[in-house]
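K.L.:
Reproduced below are the annotations present in Swiss-Prot:
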TRANSMEM  18-38  transmembrane segment
BINDING   41, 46  Ca(2+) binding site
TRANSMEM  59-79  transmembrane segment
BINDING   64, 380  Fe(II)-heme a binding site
TRANSMEM  100-120  transmembrane segment
TRANSMEM  148-168  transmembrane segment
TRANSMEM  181-201  transmembrane segment
BINDING   243, 292, 293  Cu cation binding site
BINDING   247  O2 binding site
TRANSMEM  279-299  transmembrane segment
TRANSMEM  310-330  transmembrane segment
TRANSMEM  340-360  transmembrane segment
BINDING   370, 371  Mg(2+) binding site
BINDING   378  heme a3 binding site
TRANSMEM  410-430  transmembrane segment
TRANSMEM  460-480  transmembrane segment
TRANSMEM  495-515  transmembrane segment
TRANSMEM  527-547  transmembrane segment
């Protein structure tokens, strides 16, 4: 009860940041399970593991996208790391609005609850994470699940806006007099620009989905062509938020990467002022390129040329950041530590995603590649491999500040090598599949795509093995934590017994010790069952693939 009150009512920015991290990791685990079922379904042609239920396949696609974007990566970067470190880096004891900070966390919990409710209600919400009106309108999806999704977007958006207002207020109101903006850390600049982007773009998304809710329930026709509405209007409203969302996710990761380089090299990143201006330019230009997601809706030639040119122009400040990081690696005496390898991996993956983005900025190529797996590979290399790897680097870098342990070097290198090979096995073949017009959001395909589509499953199983390994590592950490806690509790109980001559404290300590050790044993049995499930799927898939070939 004391622990629940401590978490529910806490206004400490560090406690709220840790709660954001833990809940976001849980959400990411759920989203990963959805993606595992997606890859299992795509590893076979015809009737796969979902038994031909195409609606449920689209529900998995929708849930995976919304959870990973709104409930995993955004809360980790803005809710977790920014809440924990922003007040410390500006020299303030807490956020400027601590109770609003607590309220934004519980709004995030409510939004995730609505999201899961939409997945479990009736036939689910197979509309795609973009929520286009042609799919989510009442004629095609009369389920209450779609309304839950719209409410979840509202809850998560309000949570992000409150958190962003808090971050901006903390950074500006706590700034000392005669304190130059240019000597802020790059992480603070990333958090500040991300918060400003959220405050500007999220109300536009909220207005768009509110009109969608009215069309579904109040007989309006904002997006109904028969009633005089415009379908493309929602795409403009959504992508005005949707493309800056990429920079909302990646800018705090830029700050984390720069912070790790500064700490390990004992000096600032090369040309910090240029890094600041490049982030400013990325944020400004990112507001004016939303329609490059809409090249196939019938735009005129001038609009296509404008949005394509601005998209290419964003590559300039991005290259400035990449070359400054590379220069900092090559020409500074860095302390070689484990998180540096995460930074290497982040730079390579983000560079690969950026290069494929340059291909898609060409209007003709984008029209050819639209709604294929080439686009899926592009944004997964930027987000799933870029942002998540940067978050891993920041997490391991600051791990010693949260947990007073040191992880073994061999297992750390095992972790990053498995992550490297598994993630590239999953996403790199999607480029070739997309160039041969493998369509998105469709669970069946010709047999000519079977080999590479099944090959990605092996990478997914490798990542599943890595997730189970992380669960084992977490249980080992908790195991030692349990041991130390209950040994101290047992010693304290014995001292009370010898002082008061009563067996009650000793019996309570033994009872708690037995219960928690049984809990640990059950955890390990669950992990063993997960291992068995992964290897069963692996051999089953290999047998069926051999049968098909």
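Using N, Cα and C of the backbone, Cβ positions are placed for all residues, glycine too.
Context for these features, please: burial, neighbours, distances.
P.N.:
Counting Cβ atoms from all protein chains shown, residue 41 (Ca(2+) binding site) has 23 others lying within 10 Å of its own Cβ.
Long-range contacts of the transmembrane segment (59-79) within the same chain: residues 16-17, 20-21, 23-25, 27-28, 30-31, 34-35, 37-38, 41, 104-105, 108, 111-112, 115, 118-119, 123-129, 149, 152-153, 156, 160, 163-164, 167, 191, 194-195, 198, 245, 248-249, 252-253, 256, 383-384, 387-388, 391, 441, each at least 6 residues beyond the stretch ends and with a Cβ under 8 Å from a Cβ of the stretch.
Reduced to three states, the DSSP call for residue 64 (Fe(II)-heme a binding site) is helix. Listed in sequence order, 31, 34, 35, 38, 129 are the same-chain residues six or more apart from residue 64 (Fe(II)-heme a binding site) with CB atoms under 8 A from its CB.
Through the fold, the transmembrane segment (100-120) approaches residues 8-11, 13, 16, 19-20, 23, 27, 30, 59, 63, 66-67, 70-71, 75, 79, 83, 145-149, 151-156, 158-160, 162-163, 165-166 of its own chain, all at least 6 residues removed from its boundaries and within a Cβ separation under 8 Å.
Away from its own ends, the transmembrane segment (148-168) comes close to residues 62, 66, 70-71, 74, 78-79, 82-83, 86, 95-97, 100-101, 103-105, 107-108, 110-115, 117-118, 121, 125, 127, 131, 136, 191-192, 194-196, 198-199, 202-203, 205-206, 209-210, 212-213, 216 of its chain (Cβ-Cβ under 8 Å, at least six residues beyond either end).
Cβ environment of residue 243 (Cu cation binding site): 286, 289, 290, 292, 293 lie under 8 Å away, each six or more residues apart in the same chain.
Taken residue by residue with DSSP, residue 247 (O2 binding site) is part of a helix. Other C-beta atoms found within 10 angstroms of the C-beta of residue 247 (O2 binding site) number 23, with every protein chain shown included.
Residues 254, 257-258, 261, 265, 269-271, 274-275, 277-279, 281-282, 285-286, 288-289, 292, 343, 347, 350-351, 354, 357-358, 361 of the same chain sit 6 or more residues outside the transmembrane segment (310-330) yet have a Cβ under 8 Å from a Cβ within it.
In the three-state DSSP reading, residue 370 (Mg(2+) binding site) counts as coil.
Cβ environment of residue 378 (heme a3 binding site): 353, 356, 357, 360 lie under 8 Å away, each six or more residues apart in the same chain.
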K.L.:
Within 8 Å of the centroid of the Cβ atoms of 243, 292, 293, which other residues of that chain place their own Cβ, given that this set defines the recorded Cu cation site?
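P.N.:
Nearby residues not in the site list: 239, 242, 289, 290, 291, 294, 307, 311.
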K.L.:
What residues in the same chain, six or more past the boundaries of the transmembrane segment (181-201), come closer than 8 Å to it by Cβ-Cβ distance?
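P.N.:
Cβ under 8 Å, 6 or more out: 77-78, 81-82, 85-86, 89-90, 160-161, 163-165, 167-168, 171, 240-241, 244-245, 247-248, 251-256, 258-259, 262, 269, 272-273, 275-276, 279-280, 283, 286-287.
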K.L.:
Name the residues of the same chain, 6+ apart in sequence, whose Cβ is under 8 Å from the Cβ of residue 380 (Fe(II)-heme a binding site)?
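P.N.:
Once residues fewer than 6 apart are set aside, residue 380 (Fe(II)-heme a binding site) is near 353, 427, 430.
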K.L.:
Name the one residue among 41, 46, 247 whose Cα is closest in three-dimensional space to that of residue 371 (Mg(2+) binding site); these are the binding-site residues.
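P.N.:
Minimum Cα distance from residue 371 (Mg(2+) binding site) across 41, 46, 247 lands on 41.
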K.L.:
Cα-Cα separation of residue 46 (Ca(2+) binding site) and residue 370 (Mg(2+) binding site), in Å?
P.N.:
24
K.L.:
Quick one: pull the CA-CA distance for residue 41 (Ca(2+) binding site) versus residue 370 (Mg(2+) binding site), whole Å only.
P.N.:
22
